[in-house]
Amino acid sequence: MLHQIDEISGIGLHLDLVLRKVQDAYLRKFKELGVELTIEQWVILYRIYQLGEDVSQSDIVKSNFRNRATTSRVIGGLERKGWIAKTRFKGDLKRFKLELTPQGQDIISKMEPHANLLRKQAIKGLDTVEFETFLKILDRIGENYEEFQ
């Protein structure tokens, strides 16, 4: 199916179809595990976990490739669910510090093994050279669009 898409007119469609399959797999897993979680919430929650104790809201905006308003909305949702706490850094009242709560850590502990399996599923059947080529191609496509920013 995907191999028949025209390389010029269909690249966006091709990327979108694959992304939707990946997202659908994650959403099905969230539902199966009884976790009310969106893709955006998972990405930001996991990023807070990865960056550690001194992560700021600005750090998440920079590392997440989403705009400030969207990131703030998602962070607000995570805070309302009780999965993160948002406080000010000592001595720096301009920046918000984000920390996982025990409930947020529970979500990470519950989801991380499944997320790892889903990531492995994505590259099943690819050898190291194919995967490296895939990443280089994605990087090049991304770089080709930098002139539009």
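Each residue's number is its place along the chain shown, starting with 1.
Glycine residues also receive a Cβ, built from the backbone N, Cα and C atoms like all the rest.
Taken from TrEMBL, the feature domain 'HTH marR-type' applies to 1-143.
For the domain 'HTH marR-type' (1-143), the model's average pLDDT works out to 90. Remark: secondary structure over the domain 'HTH marR-type' (1-143) totals 96 helix, 17 strand, 30 coil, with classes taken from DSSP.
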